[in-house]
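The following features are taken from TrEMBL:
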- 1-26: region 'Disordered' (REGION)
- 72-104: transmembrane segment (TRANSMEM)
- 125-144: transmembrane segment (TRANSMEM)
- 164-186: transmembrane segment (TRANSMEM)
- 198-218: transmembrane segment (TRANSMEM)
- 224-250: transmembrane segment (TRANSMEM)
- 262-285: transmembrane segment (TRANSMEM)
- 338-360: transmembrane segment (TRANSMEM)
Amino acid sequence: MSARRRRAATEQEEEEEVAEAGSDKEVDLEERLHELDLRSDLDIPDVPPPTDSTPEILKRALSGLSTRWKNWWIRGILSLVMISGFFLIIYLGSFMLMLLVLSIQVKCYHEIITIGYRVYHSYDLPWFRSLSWYFLLCVNYFFYGETVADYFATFVQRREQLQFLIRYHRFISFALYLTGFCMFVLSLVKKHYRLQFYMFAWTHVTLLITVTQSHLVIQNLFEGMIWFLVPISSVICNDITAYIFGFFFGRTPLIKLSPKKTWEGFIGGFFSTVVFGFIFSYFLAQHQYFVCPVEYNSETNRFVTECEPSELFQMKKYSVPPLLQALLGWEMVNMYPFQMHSFALSTFASLIGPFGGFFASGFKRAFKIKDFADTIPGHGGIMDRFDCQYLMATFVHVYITSFIRGPNPSKLLKQLLILQPEQQLSVYKTLKSHLIEKGILQPSLRG
């Protein structure tokens, strides 16, 4: 018995030693991986600071001013130039606005991807830039193809070469993406797996931020130019007025991510933006060009904005709340219902929209850069000016689908016209039977 006990004790001790050795190996492995992560992070080079792209004529004209006031004038002058260009594009029509959105999307994508490339280019990762742009083309092909199929159905129906692309659009899009996916797997290099997968995720998050949101901007535009202009203008107004109030009255820091942001600027920007949105909406609601859904006329090959304005854009009388009656001296007020919705849009642009800018500030601090690029003197890159717009675009799309959009007879009719004659006849018989049961059609029309 004693010999058996000694053998059992010996075996138990050996098992404990093996377990301890395995545990030590796991600890050593975790420590080595942790050290590798730290070493990789320390090896990341800093992104070089952007160069000063201010035109020489402005530099000479403002040379006598302090840095603070020089930046003020540069930002102000360039802001007026950009706003003027924006109004010119609005005048040119919906198609030019879509091209503008696409151009901004590509530039924002380029700025974010370039930061990743500059930070990690010393590793000589294969195919990184090529695959990044390839995935951008794939995702844009998918989204814009969906838009063509949705809003240009009649145009597509008349061209046989496009019918194949539209019918198998999602399969083609998926095949294109799979090609890029396989190319990425083939590009994996030993000792850089973790970094390559990190950059793969970098590319896809960038696509989510830029391409998806810009697609929503275009979707909002098709609902009527007013749904495009009021949100974008509200963000611009908030950005400008918050800067002005903060410049002259700012004393109390708002958030550590953006040391220059102040509570005075935040509050002043909020009230200014709400008032601006209310007045700007009143002006736009009077014109069909801004309130009518954007539709494509296949006969003239042009975008048209002609319609009978919906109830949102028809003047109505509203009773003033008792508290405001004493202040304003009015019992009733005439206004467009859309102006009430503009209050919600302006509020979001003022209170939540800036968090898109705070997010971008955190991103820039993580990589020790001041701006995404130096495209616009005094402002930074395109992404620095549109970091809040993407968040706003998502809110507007959700707002429209939740509270505004109803059945669209024009869009439904376009879908019916694509069907085969037998399918159209079946829809007609079903609809006719339904209308007779509802008592809308006369019984004499049976048969």
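Placement of Cβ uses the backbone N, Cα and C atoms for every residue, glycine included.
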Of the listed stretches 198-218, 262-285, 338-360, the one with the highest count of C-beta pairs below 8 angstroms to the transmembrane segment (224-250) is 262-285
Under 8 Å Cβ-Cβ from the transmembrane segment (125-144), and at least six residues away from its ends along the same chain, one finds 102, 106, 109, 113, 116-117, 169-170, 172-173, 176-177, 180, 183-184, 187, 189, 192, 195-196, 199, 203-204, 206-207, 211-212, 215
Checking 72-104, 262-285, 338-360 against the transmembrane segment (198-218) for Cβ pairs under 8 Å, the most are found for 72-104
